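Lifted from Swiss-Prot, the feature list:
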MOD_RES   MET1  N-acetylmethionine
REGION    1-24  region 'Disordered'
DOMAIN    57-145  domain 'PPIase FKBP-type 1'
DOMAIN    173-262  domain 'PPIase FKBP-type 2'
DOMAIN    290-383  domain 'PPIase FKBP-type 3'
REPEAT    400-433  repeat 'TPR 1'
REPEAT    483-516  repeat 'TPR 3'
Amino acid sequence: MDANFEMPPVGGMNDDDDMDFGDGASFLKVGEEKEIQQGLKKKLLKEGEGYETPENGDEVEVHYTGTLLDGTKFDSSRDRATPFKFTLGQGQVIKGWDIGIKTMKKGENAVFTIPAELAYGESGSPPTIPANATLQFDVELLKWDSVKDICKDGGVFKKILAVGEKWENPKDLDEVLVKFEAKLEDGTVVGKSDGVEFTVKDGHFCPALTKAVKTMKKGEKVLLTVKPQYGFGEKGKPASAGEGAVPPNATLEINLELVSWKTVSEVTDDNKVVKKVLKEGDGYERPNEGAVVKVKLIGKLQDGTVFLKKGHGENEEPFEFKTDEEQVVDGLDRAVMKMKKGEVALVTIDPEYAFGSNESQQELAVVPPNSTVTYEVDLLTFDKERESWDMNTEEKIEAASKKKEEGNSKFKGGKYSLASKRYEKAVKFIEYDTSFSEEEKKQAKALKVACNLNDAACKLKLKDYKQAEKLCTKVLELESTNVKALYRRAQAYMELSDLDLAEFDVKKALEIDPNNREVKLEQKRLKEKMKEFNKKEAKFYGNMFAKLSKE
């Protein structure tokens, strides 16, 4: 699943893990639909190979597209061109998946209609899936493999001695706490710890530990058989205090327990805002943009100097702010929107997302220029901004209008990125208008045109010319003679060096409004740019022919 969408389990391990649902569902004809159980339906689109189906514990690999019943797509591995992998029957996905995919053969393609009680139930999975939603998944089962050979090359075999809790596994950035004892095949102890903490990607002792912990759950105990390439290879390891030497090319046996771990995640794609969970929160909901949050905060410099402390004093009220309103530094704003209620996290923020290159006087100390800062954040409560599915049609139009006005205000203040977000949110409120009255559809259309046009202006300011072009095209699909859309798309085309397309839009705009001053100025700028381009092209071909004639 992608970074913004989670497929959490509903109710943990399945009660139906030992039951067989394959008799009917595995022998459907193409185009036939049948109920498997509890309202879960399967429709066969393409037959698979052979007769085998995956079992609990198998690691399956699928492509899927998930939609609501109205056709709204909320997630797709196909769009990412990356198959989705999970372990069947371990509660890593919704219950409907664990049941349904056990009925599939390799290469089979089917559509599963999954009722809410086998999906996300009454809570849904905001912001993409409403409460009590019946879902449809178009799933293709690509393959499945045994999980025992964890590196798929015979280098590390894993035998589970004690099953772990829940369904999560540590990731590369996480800090794990493990106990282990490593022996040679003759029983000689060559490594041992009753509790060592390390970052997964940095590893500890030998490469096999990193490989293994990424497949383990909290509290899981395993026996690893480790070949030399994941141990100490051709060089081996010299003896140390209380531990024997590892000879060259030795196979190891390691008893390993994953005691716990602290989840560390990248809040931003550039790894400049990182969040480490110190205490897990409750549920799956997180604050959205525009949510009102209440937190306890401690802000520190890298040397430990405390520059901010909120909500920790006796009888002191929690610190309250509204997300996505620049009321706190950008990195903190983004991190809080990744937290759950009750979660305590340590957020490390590079200067770019904190106070930048300027000195900043804070409550308890000065933050010097270009400072990396940390915040310990305790998210106490939050009130989310209402989502579109919680509104009737009148409220959706009203909310879209409000977001448009907020966007206009941000634009006038030169805050183009924030303005763009407001316009995008406005359009989302009214994107699906099938339930609108005719009058409401007219209002929604006018709002879509205005917001997409204004958003295009933001994208031009932000130099995101490709997105500006796409937004103008959306407007022209609604109003083919919209001069502003033609004008702004021409600007985008010029910056993208698509001069012929820019010329077409300018000419069309002037046909509609011959006296438009802005378009005329753009036409003049376009002619100058085309003249400059033609000169460069002539020079290029002149030099090329000169070289050819010399040869």
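Glycine is no exception: its Cβ is also placed from the backbone N, Cα and C atoms.
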Inset, instruction - Write out how many residues of the repeat 'TPR 3' (483-516) are helix, how many strand and how many coil, based on DSSP. - result: 27 helix, 0 strand, 7 coil
Legend entry - Per-residue pLDDT averaged over the domain 'PPIase FKBP-type 1' (57-145), given as an integer: 94
Legend entry - Three-state composition of the domain 'PPIase FKBP-type 3' (290-383), taking helix and strand from DSSP: 10 helix, 41 strand, 43 coil
Inset, instruction - Tally the residues of the domain 'PPIase FKBP-type 1' (57-145) by DSSP class, grouping H, G and I as helix, E and B as strand, and everything else as coil. - result: 16 helix, 38 strand, 35 coil
Legend entry - Residue counts (helix, strand, coil, in that order) that DSSP gives for the domain 'PPIase FKBP-type 2' (173-262): 10 helix, 43 strand, 37 coil
